[in-house]
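Chemist: From Swiss-Prot, for reference:
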- 38-73: repeat 'Sel1-like 1' (REPEAT)
- 107-138: repeat 'Sel1-like 2' (REPEAT)
- 139-172: repeat 'Sel1-like 3' (REPEAT)
- 173-208: repeat 'Sel1-like 4' (REPEAT)
- 240-275: repeat 'Sel1-like 5' (REPEAT)
- 276-311: repeat 'Sel1-like 6' (REPEAT)
- 343-378: repeat 'Sel1-like 7' (REPEAT)
- 379-414: repeat 'Sel1-like 8' (REPEAT)
- 415-450: repeat 'Sel1-like 9' (REPEAT)
Amino acid sequence: MNNPDLPYRQALECLSQKQYNFTEVRRLLTEAFSAGHPAAAFELAKHLMDADSPYQDREQGMEMLRIAAEQGHPYARYNLAYIQELEGAPPETLIPLYRPLAEEGLPEAQVRLMYLLYASRHFEEALEWAKTSAKNNNPHGQYLLAQYCRYGTPPDFETAHLLYRKSAAQGLPEAHWQLGLQYRFGQGTKVDTAQAVNHLRAAAQQGYIPAYTPLAELILPTAPDEAVHWFQQAAQENDPDAHAALADIYLQGKHLERNHKLALHHAEAAAAERHPEGLRILGDICRYGLGIAPDTEKARHYYRQAAEAGSLSAYQKLISDSALNHPDQYGGIKDSAIRRQRAERLYQKAQALHYGLQCAPEYAAALKLYTEAAELGHSKAQTNLGSMYYFGQGMTADYNEARKWFEKAAAKKDSMAFYNLACIHYSGHGVEPDKEKACRYLQEAINNGYGQKSVLQELLQQWQNAV
């Protein structure tokens, strides 16, 4: 049999020319892979599956990819697995495909395996692959290892910060985003607004959606035009914080010309996600008839919803309204407002101690304060308290106690609580695994304003495929 390397090298020589005869290239590569050349079928598959190529033939390209994989070509095997992942194959199908490639040292397979293990809550094995990947200076491995340091028991915010910096230096947008948040809130480093802006802008300019709104919030006083641009970009992705910010901007006529119609549009969009300030602004629009007919009953309805969602300013509106128009309700509303204000103060202190915001983390103190706020009905405190029990932060993990607090928060439509319940029921932590119930909870998280809807929608599709 002829040496298969000869036609393969001839094909590569043809491809190196600005203009080449693809029919001849195809003949040479076919001759090479038929004689057993391990890279020839993969090279032909690349050109047949190139969407920009005039010779694209996906069906033939897939056939070549399969032949290359059968001949042991690592990237052919990787691409077949990745195509299955894009088509929605569940993690339990994909993990056995990526694992041998990762063990052979393929960096891309190590990253995919690492993320799939993490998403499937196989945290210990995911951590080992993150360490391996980070050791090889892979930005994804550095990022996930930073996440483990940040959320570990105990947390190591300084190491997380250093790993985020290494990952961001290689351009990973999510690492820039996390650095921006750390500099903004003083976690693992001193507060540095200029650095926060630099990193959030680097992430946003790469199209990383979660960075849009925090960047806009920081630069609004000094660069209002750019801030409005990022708020608008985030609003196009249905970020309720961005919608609420734009509603206020259009209503006040600050940084943009006053526009009651657009204020109403953005307030309604934020309110649809149960955003407390979006609901409060909608109440103001109805109360004062800003671009619409005044409607005090509707205003009270939105203020009540906003107050239930946590808006202290909405409570103040209800207190003022009841003092003037419903004195019999004044005492009850005032007591509720005082209770909410106390719960919010407890929650803010607990959050700082939990996540080490401008202080060293203290889990025992955070747990005590979260519990007090949770017992006062603060939904975010209930969710964070559940997370502490779930991950065993400051105590032995207790899935039943975690689920109890997640369910209390979910009863108040807290989107993160719905997400956590979805994970509990999918993984069977403290309960029998129930993928259908997990999918229902995940859909509720999407419906109730979870910050990264597209990520959850992709996850929901994977879970539904596994049912």
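The backbone N, Cα and C atoms fix where each Cβ goes, and this holds for glycine too.
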Chemist: When you scan the chain for residues with a C-beta under 8 Å from the repeat 'Sel1-like 9' (415-450), skipping those not six or more beyond its ends, what do you find?
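Modeler: Same-chain residues near the repeat 'Sel1-like 9' (415-450) but 6 or more away: 120-121, 240, 273-275, 379-380, 382-383, 386-387, 390, 399-400, 402-403, 405-409, 456-457, 459-460, 463-464, 466-467.
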Chemist: Between the repeat 'Sel1-like 4' (173-208) and the stretches 38-73, 107-138, 240-275, 343-378, 379-414, work out which stretch tops the count of Cβ pairs under 8 Å.
Modeler: 343-378
Chemist: What parts of the chain pack near the repeat 'Sel1-like 2' (107-138), using Cβ distances under 8 Å and only residues at least 6 beyond its ends?
Modeler: 74, 78, 81-82, 85, 91-92, 94-95, 98-99, 101, 144-145, 148, 163, 166, 170, 423, 427, 429, 459
Chemist: What mean pLDDT does the predicted model reach across the repeat 'Sel1-like 6' (276-311)?
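Modeler: Its mean pLDDT is 96.
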Chemist: Tally the residues of the repeat 'Sel1-like 2' (107-138) by DSSP class, grouping H, G and I as helix, E and B as strand, and everything else as coil.
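Modeler: The repeat 'Sel1-like 2' (107-138) comes out at 26 helix, 0 strand, 6 coil.
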Chemist: At a C-beta cut-off of under 8 Å, are there same-chain residues at least 6 beyond the repeat 'Sel1-like 3' (139-172) that contact it? List them, or none.
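Modeler: Distant contacts of the repeat 'Sel1-like 3' (139-172): 110-111, 114-115, 118, 123, 126-127, 129-133, 178-179, 182, 187-189, 199, 202, 206, 355-356, 361, 363, 391-394.
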Chemist: For the repeat 'Sel1-like 7' (343-378), give me same-chain residues lying six or more residues beyond its boundaries with a C-beta closer than 8 angstroms to one of its C-beta atoms, as numbers and ranges.
Modeler: 153-155, 157, 185-188, 191, 310, 312, 384-385, 388, 393-395, 405, 408, 412
Chemist: Taking a Cβ cut-off under 8 Å, which residues six or more beyond the ends of the repeat 'Sel1-like 1' (38-73) line up next to it in the same chain?
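Modeler: For the repeat 'Sel1-like 1' (38-73), the list is 4, 7-8, 11-12, 22, 25-26, 29-30, 32, 79-80, 83.
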Chemist: For the repeat 'Sel1-like 1' (38-73), how many residues does DSSP put in helix, in strand and in coil?
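Modeler: For the repeat 'Sel1-like 1' (38-73), the helix, strand and coil counts are 22 helix, 0 strand, 14 coil.
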